[in-house]
Each structure stands twice: as structure tokens, then as C-alpha cells.
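J.: One structure is given below, represented as C-alpha cells, and several questions about it will come after.
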Amino acid sequence: MPELLAQPLLEVAGVFVGAMSGALAAVRKQFDIFGILVLAWAAGLGGGVLRDVLIGAVPPVGISDLRLMAAALAGGLVMYFGHPRLERARRVINVLDAGALALFTVVGTLKGLEYGTTALAAVVVGVLTGVGGGMLRDLLTGEVPVVLHHRQLYAVPALLGSVAVVALWHVEWAGGLGLGAVAAGVFVLRVAALRFRLNAPGPWRGSGSGGAG
Amino acid sequence: MPELLAQPLLEVAGVFVGAMSGALAAVRKQFDIFGILVLAWAAGLGGGVLRDVLIGAVPPVGISDLRLMAAALAGGLVMYFGHPRLERARRVINVLDAGALALFTVVGTLKGLEYGTTALAAVVVGVLTGVGGGMLRDLLTGEVPVVLHHRQLYAVPALLGSVAVVALWHVEWAGGLGLGAVAAGVFVLRVAALRFRLNAPGPWRGSGSGGAG
Amino acid sequence: MPELLAQPLLEVAGVFVGAMSGALAAVRKQFDIFGILVLAWAAGLGGGVLRDVLIGAVPPVGISDLRLMAAALAGGLVMYFGHPRLERARRVINVLDAGALALFTVVGTLKGLEYGTTALAAVVVGVLTGVGGGMLRDLLTGEVPVVLHHRQLYAVPALLGSVAVVALWHVEWAGGLGLGAVAAGVFVLRVAALRFRLNAPGPWRGSGSGGAG
């Protein structure tokens with residue numbers, strides 16, 4: 001991806017933001033400093049670790065790359081010391097997190113394709129790169145993964161973006177411009193979901209079942 | 001396994017049934033459509049994914065095989081739209097699930113052996129193929145895996161079946177007839193456990209400890 | 001590691017003790033015998049399995065090595081039959097567990113280095129070997145991993161020990177004497193944490209936030 005010159009910097013930024021969300025969840029559960037930093041790592045890098053294990057890219061960059069680990073550690077420490085103030089900045093964090101989602105999805109899908117997976121597997125690992133860190137964060141703090149039940153669109157933008165990356169790859173347009181456009185689309189759709197409360201449907205109700213949700 | 005001509009069809013059927021159980025668990029937790037389909041995938045294909053990661057068969061067929069993924073998706077969608085009625089058909093689903101357990105155990109053990117694992121590892125991944133999807137389903141919905149505490153025999157038939165497959169393999173009788181007999185045995189034992197409430201023992205109680213369970 | 005002649009025996013002992021902790025957690029949750037033995041396996045061998053998956057050493061020794069599996073099974077069975085008495089011996093078990101932590105950390109870090117990981121990844125998998133089994137045990141019993149929130153030093157001794165092993169390796173002093181000294185240091189620090197209640201800090205509180213923990 002020589003065209004995507006900004007990618008390494010963006011990836012570090014994505015990990016940093018993801019790590020902040022993990023550390024915040026840990027702070028709320030009164031974890032100790034070790035637990036807080038583990039959660040920062042899990043939320044910032046866990047999606048990529050799951051991807052790398054599934055495609056055979058071991059050891060995963062999420063445990064071996066100094067730059068990415070430093071970003072996760074930094075995100076964790078910033079939240080550790082800053083959480084009394086940063087909790088109020090949730091709206092900003094949500095927007096940053098939408099950026100991380102967009103970036104992780106594009107990068108993760110590409111990595112799957114580069115490792116020669118099927119198009120289907122590339123989409124799975126692309127989405128997993130985007131949403132896997134948050135799922136690990138939730139499981140490690142004893143919560144049901146929010147991405148599975150919250151309804152507000154989160155995985156769906158990632159899914160659409162990942163399919164778009166695979167399509168671009170197959171027509172050999174997966175350059176910086178095309179990939180940047182996909183990432184922008186994922187970001188905009190996620191921010192729109194936040195802003196306008198765009199929801200995925202919950203369980204289907206047959207015509208005669210009625211009742212509350 | 002050229003002798004096992006029916007296997008691909010049976011495996012698809014097993015994934016379909018497993019996926020239904022995952023989707024049903026997700027519907028009960030009021031997950032959104034994405035979460036419901038993820039749970040369908042996890043329950044239908046998660047055991048095989050864990051197996052493939054452990055034996056190094058990456059990317060796992062559970063994320064790369066179109067046929068199997070389609071079966072999981074179909075099982076999820078059928079339960080998504082059909083759950084008001086299908087919840088009442090629990091008995092039928094339990095019997096179908098016993099079939100999936102039997103098939104997954106046999107197929108999973110064979111795959112371990114084909115990848116050159118020790119007999120011990122083949123049994124572990126065989127049982128994991130059978131019970132791993134249900135464990136993932138439970139963990140992702142915030143439940144303690146039912147296979148670990150429910151007592152009614154579920155893993156034990158898989159364990160016996162997996163040992164039998166390894167034994168057949170070592171005497172070079174692992175053809176369609178032998179494997180079919182093992183699968184039938186696992187199925188019958190599981191259905192008998194359902195029908196006659198055959199239970200594994202809970203924690204041992206010393207003679208002097210008394211008390212309730 | 002020809003210098004570490006005692007290692008195989010010690011590793012088996014470590015797995016045995018870890019397995020007892022897993023089986024005890026399962027007994028307390030009223031798991032059945034299958035669940036109790038799965039928890040014994042997870043607590044005794046889960047850290048090593050996670051390490052092996054991350055460094056690509058598949059199938060992991062934790063599912064293929066007869067000696068280690070037998071140790072986990074034995075630890076599980078001892079706790080299964082002995083729990084009414086062994087629950088009272090918690091202090092002894094905690095000290096044995098400190099030994100297992102020390103040993104697993106040293107062995108796990110070395111294995112990472114032998115598989116050619118970066119120094120950073122070796123530390124991650126070293127600590128994970130030490131604490132991963134307990135984390136799996138907690139997740140499978142529906143608990144938030146105690147190592148993340150308990151505060152009493154547990155992961156920190158492992159972390160220091162793992163860094164020390166990497167340092168010894170890089171100056172080519174990773175012989176039996178040096179590694180033994182590191183293991184002893186991890187053990188002493190962990191026992192001191194138990195004895196003197198040495199705690200890691202919880203979430204940072206800004207000067208103006210006050211309040212209880």
C-alpha cells in the first residue's frame with residue numbers, strides 16, 4: 001500500500017483511541033492499573049490479534065510491533081490519568097472511535113486479501129479487525145459485547161466497507177484514493193448512526209406476537 | 001474420506017442446526033440482526049474455527065468456505081424470522097442438534113488426525129468441534145457454557161465418539177461404515193440422555209459434608 | 001534448555017497446581033464432572049495454549065502432550081474428590097500457585113524467544129503463559145478475570161520476571177542459574193504480595209474527584 005502514506009500514522013491513532021475506550025471500561029469496573037492497561041491493549045489491538053491468528057500471521061502485530069503497542073499503552077495511560085475529565089468528552093471519543101472503525105476495517109480487509117484468503121474470509125477478518133477489539137473489551141469486563149445488541153449501526157458500516165474493499169481489490173482499484181473513499185464512507189455512516197440514531201432491527205416479531213422489546 | 005459421500009451435505013445440515021441454536025439464544029437476549037447472525041455463525045461454525053486455529057488449518061473453513069457460511073447464515077435467518085414458532089419446536093431442535101454433535105465430533109477428530117496431531121490432540125479437537133460452537137454461543141450471550149454445568153450427557157458422547165474414531169483410524173478401519181457407526185452411536189447416546197435424563201455427576205461430596213447442591 | 005534439568009518436572013507440577021485452582025472454581029459453581037475437568041485443563045494449560053497459538057506453535061502442547069494433559073487431569077481429579085478438605089488448604093495452594101506463576105512465566109518467555117519473536121512479544125506471551133490459565137478459568141466460570149481487578153500483585157511479578165528473562169537471553173546468560181534466579185524472584189515477590197498485601201493501584205483519582213473506591 002505505498003499509496004496510503006498516511007496509513008501508519010492513522011493506524012497508530014486508531015489504536016490509541018481504541019485503547020482509550022478499553023481503559024475507560026476498565027476504570028469504570030475499578031480494575032487495577034494492570035487490568036486497565038490490559039483492557040487498553042485488548043480494545044486497541046485485540047481485533048487485529050484475532051485477525052492475525054485467523055489468517056496465520058503469527059505472532060500478531062498486536063503483540064510484536066513496538067509502535068502499535070506503544071500507542072495502546074499511551075491510550076491506556078492517558079485514560080488512566082485523564083478519566084475524570086475524559087468521561088465527559090464521550091462525544092469526541094465516539095467520533096474518534098468511528099475513525100478507528102473505518103481505518104481498521106480497511107486495513108484488516110486488505111491484510112486478509114494480502115494473505116491470500118477468500119473474498120469471504122477477507123470480509124470476516126476485516127469486520128473483525130474493526131469490531132473485535134470492542135468485543136474483547138466487553139467480554140473481559142464481564143459484559144455482553146455491545147456491538148451484538150446495541151442496535152445503533154456499528155458493524156454494518158464496517159461490513160459494507162469491507163465488501164467495498166474486496167470489490168475494489170478485485171477490479172484492481174485498491175489504491176489510496178479508492179481505499180480512502182471507502183474509509184470515509186464507513187466513517188460518515190457510523191457518525192450518521194450516532195447523530196441520527198440509525199438502528200439495526202432487533203428480533204423479528206410475527207404478526208400475532210405483539211408485545212414489548 | 002471418499003467413502004463418506006454424504007458428509008458434505010451432513011456437515012452443512014449440522015452447521016444449519018447449530019446456527020439456529022445460536023440465533024435463538026441471541027433472539028432471547030434481544031440482540032439486533034447483526035448480533036443474531038454473529039451468534040448463528042459462532043454456534044454453527046465456532047467449534048470448527050477453534051479446531052482449525054489449534055491445528056494450524058488457517059484460515060479456518062468457518063470463515064472461508066462459502067457453503068458452510070451460507071448454511072450458518074441460512075440457519076440464522078430461519079430462526080430470525082421463525083422464532084415465534086420455532087421456540088415451541090425445541091424438542092425437534094434438540095434431536096437435530098444431537099445429529100450435529102455426532103457429525104461434528106467425527107469430522108473434527110478426522111481433521112485433527114489428517115493434520116498429523118497426536119491421538120490425544122485429535123480427541124481434544126474432535127470434542128471441541130462438537131461442543132465449541134455452543135460454548136462460544138454461551139460466552140457471547142453472557143452465560144456460563146451450559147455444556148460445563150448442565151450435567152445431562154452432552155460432551156461425554158462426543159468424547160466417547162472421538163476416542164472411537166481415533167481407535168478406528170489406528171486400525172485403519174476409518175471408512176464410511178465405521179465412521180457412520182460411531183456417529184450413530186454418539187447420536188443415540190445423546191438422544192438417550194435427552195429422553196432418559198442421563199446425567200454426569202456434579203461435585204463429589206465427602207461422606208461427612210452432607211448438604212444441598 | 002539443557003541446563004534446566006528440573007524443568008519438565010516443575011512444569012508438570014505447575015500444571016497440576018493450576019488445574020487444581022480451575023477445578024476448585026468449577027466445583028464452587030456446581031459444574032458437572034466434565035466441566036470440572038475442562039476447567040482443570042483450562043486453568044492448568046490454557047495460558048500455554050494461548051501462547052502457542054500466538055507464536056504459531058500448533059498444535060499447542062496443552063492439547064497434544066500426554067504428560068502435561070495427565071498432570072491437568074490429575075490436578076482436576078484430586079480437587080474433584082478432595083475439595084471438601086482442600087478448600088481449607090487455600091493458603092498452601094496459593095503458595096504452590098506462586099511457584100506455577102514463576103515457572104510458567106520463565107518457560108513461556110523462553111518459548112517465545114525460541115520461536116523468534118520480538119523481545120516485546122516474548123514478554124507478552126511470557127506473562128500470558130503465567131496469567132492466561134487463570135483468566136480462562138474466570139471467563140469460563142462467568143467471572144471477570146481476577147488478575148485484572150484484584151490489585152494484589154500477580155501479573156506484575158510475572159511482567160518483571162519476563163523482562164528479566166529477555167534481558168538474560170540478550171546477554172546470553174539464559175542458563176539454568178540465571179533463569180532459576182528469575183523464577184525465584186517472581187515466586188518471592190508473589191508470595192510477598194500475598195503475605196504483605198502488596199497492591200497495584202486502582203483507577204487514578206484527580207485532586208478534585210474524591211469519593212470511594
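Placed from the backbone N, Cα and C atoms, the Cβ positions cover glycine too.
Annotations in TrEMBL come from automatic prediction, not curation.
Remember, it's a predicted structure, so these values are computed and weren't measured experimentally.
According to TrEMBL:
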{"type": "TRANSMEM", "residues": "B:6-27", "note": "transmembrane segment"}
{"type": "DOMAIN", "residues": "B:9-83", "note": "domain 'Glycine transporter'"}
{"type": "TRANSMEM", "residues": "B:34-54", "note": "transmembrane segment"}
{"type": "TRANSMEM", "residues": "B:66-83", "note": "transmembrane segment"}
{"type": "TRANSMEM", "residues": "B:95-113", "note": "transmembrane segment"}
{"type": "DOMAIN", "residues": "B:95-169", "note": "domain 'Glycine transporter'"}
{"type": "TRANSMEM", "residues": "B:119-140", "note": "transmembrane segment"}
{"type": "TRANSMEM", "residues": "B:152-171", "note": "transmembrane segment"}
{"type": "TRANSMEM", "residues": "B:177-196", "note": "transmembrane segment"}
J.: What residues in the same chain, six or more past the boundaries of the transmembrane segment (B:177-196), come closer than 8 Å to it by Cβ-Cβ distance?
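T.: Tertiary neighbours of the transmembrane segment (B:177-196) are 1, 3-4, 94-95, 98-99, 101-103, 105-106, 110, 152-154, 156-158, 160-161, 164-165, 168.
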J.: Who are the long-range neighbours of the transmembrane segment (B:119-140) in its own chain, taking Cβ under 8 Å and residues 6 or more past its ends?
T.: 18, 21-22, 25, 38-39, 42-51, 54-55, 101-102, 104-113, 146-148, 154-155, 158-159, 161-163, 165-166, 169-170
J.: Please list the DSSP helix, strand and coil residue counts for the domain 'Glycine transporter' (B:95-169).
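T.: Split by secondary structure, the domain 'Glycine transporter' (B:95-169) comes out as 61 helix, 1 strand, 13 coil.
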